[in-house]
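The structure appears below as structure tokens.
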Amino acid sequence: MLAYIIRRVFQSLVVLLVVGLVAFSMFRFVGDPIDNMLGQERTQADVERLRTQLGLDQPFPVQYYKFLEQAVQGNFGISYRQSRPVSEIIAERAPATLELAAVSGLFALGLGIGLGVFTAIRRDGIASNLIMSLSLVGVSLPTFLIGILLIYVFSVELDWLPSFGRGETVAVGGWTTGFLTPSGLKALILPAITLGLYQMTLIMRLVRSEMLEVLRQDYIRFARARGLREKSVNFRHALKNTLVPVITVTGLQLGAIIAFAIITETVFQWPGVGLLFINAIQFVDIPVMAAYLMLISVMFVGINLIVDLLYFAIDPRLRIDGRH
Amino acid sequence: MTTPVLSVRDLVVEIPTREGILRPVDNVSYDIAAGEILGVVGESGAGKSMTGNAVIGLLDRPARITSGEIHVNGARVDDLPISQLRKKRGKEIGMVFQDPLTSLNPLLPVGEQLAETISEHLDVSKPEARARAIRGLEEVGIPAAAERIDSFPHEFSGGMRQRVVIALALCAEPSLVIADEPTTALDVSVQAQITALLKRLCRERGMAVMLVTHDMGVIAETADRVAVMYAGRLAELGPVRDVVTEPHHPYTDGLMGSTPIASKGQARLRQIPGNMPRLTAMPNGCAFHPRCTYVQDKCRVDPTPRLGGADPRAACWYPLRGADVEQAS
């Protein structure tokens, strides 16, 4: 198993190197950074001086190596637009996105698994059919439309929940959290639902189809034939056997929630890294874009690694060298 | 006379389909006494497993019991609500499934599956349930049961897994065990061990065993009485020795002729011509008449007689006697 982990970590590193190359390439190929940094009033001497100063006269591999060296230390340079270190800007914005992602991830996972199990067990019930039909809506409506609809209903018409922003936040250490104030919690609800709805329906449909498959298995019949309670048959025996594929998809979706919070953050003007990224694109703020790209890929690679390790935790058949 | 452990009376199972109502089990009646093994034999689709599933209430929809009664230990079970029936499953009626590779939950250690079943039916503490689980594994002949209890199903061989399945079916001490093709998926060398195990447990515990199989050899070795099923109906029901040596129903005779039995010293195995009719296309008269070597006009018209009508043992208008069999073979 240790060998497996080492192999997976090694693979992850290769992936990160490739992503790093793409991120780094942006600096060179999306316009000349010198052009971006020096205004119209510049001399050839200024250009040369800055080029040497920034190390841009060195060969490509050397520059790439330096970029990686800095990136590993969390240093992604200085934002063109805000003239502050990118790492600082991101650290400031990350709590908003992570809190949003955590809440919508929990929402998607909890409700998705719950409804999936429910619709599988009560396969022919009216409620199940209704939920399944509604879930089609959840899958097919684009995120921004759901966000706008929710804002229209709950903010404009009913005036229950705020339509934008994070509400009041409290700083705990370097982390600003919206969990501790009523307005912060209220502000979380709509964006979290918007962001998690698609993943929720996806997880629900997956759990349902896996459950239906597992419920047909002999060991479920045998569990019933031994007189075990339906609750035990459904959750202890059936649900656990559906978890491997569910975890795979959930892991990827969790990455997607963080990475593609962009749309939701834009709709709700949520001050997270997604919104930061959108603004960075507008102003061709390449250091920010590169850092965002690296951050997201680290997250995906990390989640995938955790997912692979969870397989071992769930399925004893994979732990061949663990016992005996 | 003591009450039989299992008593099935005029059981009918029907499946409504677009082509009409099918009857995979048609007017089946039999008893099993404590300490007795009843072999239920027949070709695939004869209704053997369906009968067993009906007893434990695990018929797959849309199949359902439409008439008849099932009594276990004197209490009627076929009309019980599922919540009541569930309490009898495992505790009064145990079931052993065909394929040990698929009938154990791959993600739970076998000991947990055992202890969970024991705790469900018996009022015992957790350590006691575990101790009983170990004893259960020992009883079915798993070596070093105390160490193997935390193993997962995939860590056992096929034969050992079937022993675990039997331990699971028996762990809450049911008085009736339905063994549905318990040896079919196993190696031949392991089959004999498993049937011997079932036989020993039946004797030791005085359980009633319903042994469903298509293997006449297994029945001959294990069962006390045998019920031969054909197209959902009982063709013959009687003590194993009598049925094997002197079949009264032409179908049983055909089955015997096609089974190699060492003591008989047959030169060639016979085969029964044709196939069992599909449930959608049942012939008029006796269901077996299109394949029967002894068929007469009455068989083509009159429905199959009831067991014990023309013959005490066989559901046949013209049951075979010793002399006829000699002639035919």
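Any Cβ shown, glycine's included, is placed from N, Cα and C.
Nobody curates TrEMBL annotations by hand; they come from automatic prediction.
These features come from TrEMBL:
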DOMAIN    A:94-311  domain 'ABC transmembrane type-1'
TRANSMEM  A:12-30  transmembrane segment
TRANSMEM  A:100-121  transmembrane segment
TRANSMEM  A:133-154  transmembrane segment
TRANSMEM  A:243-270  transmembrane segment
TRANSMEM  A:290-314  transmembrane segment
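Taking every listed stretch (A:100-121, A:243-270, A:290-314) in turn, the largest tally of C-beta pairs under 8 A with the transmembrane segment (A:133-154) is reached by A:243-270. Counting Cβ pairs under 8 Å to the transmembrane segment (A:100-121), the top-ranked stretch among A:12-30, A:243-270, A:290-314 is A:243-270.
Long-range contacts of the transmembrane segment (A:243-270) within its own chain (CB-CB distance under 8 A, at least 6 residues past either end) are made by residues 96-98, 100-101, 104-105, 108-109, 113, 143-144, 147-148, 151, 163-166, 190-191, 194-196, 199, 202-203, 206-207, 210, 277-278, 296, 299-300, 303-304, 306-307, 310-311, 314-315.
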